[in-house]
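A short write-up of the structure that comes next.
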Amino acid sequence: MIKVTLKDGSVKEFEAGLSVYEIAKSISEGLARNACCGVVNGKVCDLREEVKEDVSLSICTFDSQEGKDAVRHSISHVLAYAVKRLFPETKLAIGPSIATGFYYDFDKDVAFSAQDLEKLEAEMKKIIKENPSIEKFELPRNEALELMKDEPYKVELINDLGEDEIISFYKLGEFTDLCAGPHVMSLKPIKAIKLIRSAGAYWKGDEKNKMLTRIYGTAFLKKSELDEYLDAVEEAKKRDHNKLGRELKLFTTDENVGQGLPLLMPKGAKIVQTLQRWVEDEEERRGYVLTKTPLMAKSDLYKISGHWDHYKDGMFVLGDEEKDEEVFALRPMTCPFQYTIYNAEQHSYRDLPIRYGETSTLFRNESSGEMHGLIRVRQFTLADGHLIVTPEQLEEEFKGVLELIQYLMKTLGIDEDISYRFSKWDPNNTEKYINDPEAWNKTQDTMRTILDHLKINYVEADDEAAFYGPKLDLQCRNVHGKEDTLFTVQIDFALAERFDMSYIDKNGEKKRPYIIHRSSIGCYERTLAMLIEKYAGAFPTWLSPVQVKVLPISDKYNDYAESVVKSLRNKGVRIEADYRAEKIGYKIREARLERTPYILVVGEKEAANNEVSVRSRKNDDEGAIKLDAFTERLLNEIATKER
């Protein structure tokens, strides 16, 4: 008999060799009926998996993300099966589940049309109705290669696997696919599927490889859940920063400028400027000193920092090492420059902590397939910073960084949209990371202890660290469900040594400082994108590029309108007036479409009484208010950063 510890902490005994499904069934017929997959000792597994020793076990239903993933992964195979039925010459690539659905990549001479997607969806429903059996099996490498010999992408994937790795397949009726799983036991409970769209995608995400056709879809157990999801997708389209940001004239792009190089228009630039001034003032209030460093440096600097060895492919290099005496590169990070500033003078323990901040323009050579609007770009502006601390100061300063970030998030109204990810190294990936296992383990243990002391609720992620140390990533989902890193805090164990940074301790001895890397508000472009989507372009008044719009009823009242503009502008309000000879109703509608927080209509009565007729986003038509009273209210709303 083996002991199985269930999610609720209870321990049950079972015969060795029972499957996860059989264990679920022994607990409850209903649980087995609703089960999609299991988690054994923290690892997601198939319900078919046999349990042969003492384990901890969770049974996952569709209510869990693991359960949703198993259902949608299974349906991605149904899509591939349908493609092979209708377009048998198509070659198969990969088909994983993703946050809100699944995709499958195909190599087809002619891309799938909208009509093709309709046919495929109908064929998928037909397959689900047939409810073919789902079987998992394993093969040795030579037999696996023989089975997949007509599928070049599958052959490549098999060859990529390590010699000792298990090569598993799933058979769905007459269709077989290379797959590690997990998959559901039966398609019968899946009542609602939808193919969303198709797009281009490079094989393995590498633009040097062939462009494939990716079909996105989703699946639910109930039609009502699918309908709710599709409604959310439509709302997301309306909020998409790529669409809304252009409509509101916040940013634009141009093919002659280049991909991943957005141009902030005056309104977008005003929002970023407002954020930047606020962040820099807040950092200085908390003891930061601001620096201004070059946009490029000689390769020598990046060789010291390790960027040249571990990050060169992500940098824009100016010159040829073989031909030029000096080779420069645009900076991907600010850290080497601020460390050079630190080393410009000797420091005592009394000088520490030193908190450097900088609004940094950075450059990263992202692949074309990765770039998206303001989220993923090649040039961006980062609220960068590095804290040089003693070992005794590390936890308190880390806490101070988090308090700053949490204050900024709460003020922006995005604190509830954030999740925390503790990003660790992969000891097998020595090309990506500095190869010092002892230092990695020590630093990761230190960060974990700090996070636990601060009661941060986080998940751990392997192979997501910076090359020089572990980090805490603050993740935010965009309207399409994709998770992006908005803020990051890192503990650096390597670069203080590489730059020979030191301080003199109280005993007069030279010591290495610890370094905390952090971005207080992250990349301004990405934060702007998140805020566009969060507020659907209707930013809080303090952040709105135009806070007030004055609309004279006719040109007879232009002089009074201009006096209102001057009065408020002199007090720092961002204000415009619309003097066009258009009907007032038209001008009001247009100002509303621009998401202007306050619209002030002025005519004969308002001019005579020094008033303004106020229309606000919150209260609509508020009637006539004395200009002084409105000014006081507006300035208070801006000063308190009311949302």
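Including glycine, each Cβ sits where the backbone N, Cα and C put it.
For the recorded site, H517 (Zn(2+) binding site), the DSSP three-state label reads strand. Residues or ranges marked as Zn(2+) binding site by Swiss-Prot on the basis of sequence analysis: C335, H386, H517.
According to Swiss-Prot, the feature domain 'TGS' maps to 1-61.
Here Swiss-Prot flags 240-540 as region 'Catalytic'.
Summed and averaged per residue, pLDDT over the domain 'TGS' (1-61) gives 88. Taken residue by residue, the domain 'TGS' (1-61) breaks down under DSSP into 14 helix, 29 strand, 18 coil. Within 8 Å of the Cβ centroid of the Zn(2+) site, not counting the listed residues C335, H386, H517, the chain contributes M333, T334, Q338, Y339, Y356, D384, G385, Q490, D492, L495, I515, I516, R518. For the binding-site residues given as H386, H517, the lowest number of other CB atoms within 10 Å of the residue's CB is seen at H517.
Listed in sequence order, S305, D384, H386, D492, L495, I515, H517 are the same-chain residues at least 6 apart in sequence whose CB falls under 8 Å from the CB of C335 (Zn(2+) binding site).
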